[in-house]
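Under the heading domain 'Bowman-Birk serine protease inhibitors family', TrEMBL lists 34-86. Annotation comment: TrEMBL describes 1-22 as signal peptide.
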Amino acid sequence: MKSSTLLAILVLQALLVSAAVAKGPAGPTTKKQCWCGECTSWSGVWTCDDLLTKCAATCKNCVPVSTDKGAIKYRCRDFLPENCGCKIH
């Protein structure tokens with residue numbers, strides 16, 4: 001009786017492990033590109049400080065910024081991925 005219980009436990013454990021391996025990672029792994037030249041961190045969240053003539057189509061939070069010459073530039077305030085490699089401003 002003990003051997004059949006042990007065998008049943010081992011079979012169930014093997015099924016759980018194989019199901020977890022077959023499932024793989026949860027969802028697609030899309031990594032956001034790091035396109036920023038100068039950035040700032042606030043409480044561990046990195047944002048880009050680059051002034052652009054227009055934001056990229058992938059930018060979800062584009063903010064207009066007035067320059068000292070009266071022109072309007074734009075800054076994408078989306079959060080940057082970790083280890084972006086941008087220059088700290």
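Even glycines carry a Cβ here, placed using N, Cα and C.
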Which value does the mean pLDDT take for the domain 'Bowman-Birk serine protease inhibitors family' (34-86) in this predicted structure? 87
With helix taken as DSSP H, G or I, strand as E or B and everything else coil, how many residues of the domain 'Bowman-Birk serine protease inhibitors family' (34-86) land in each class? 0 helix, 21 strand, 32 coil
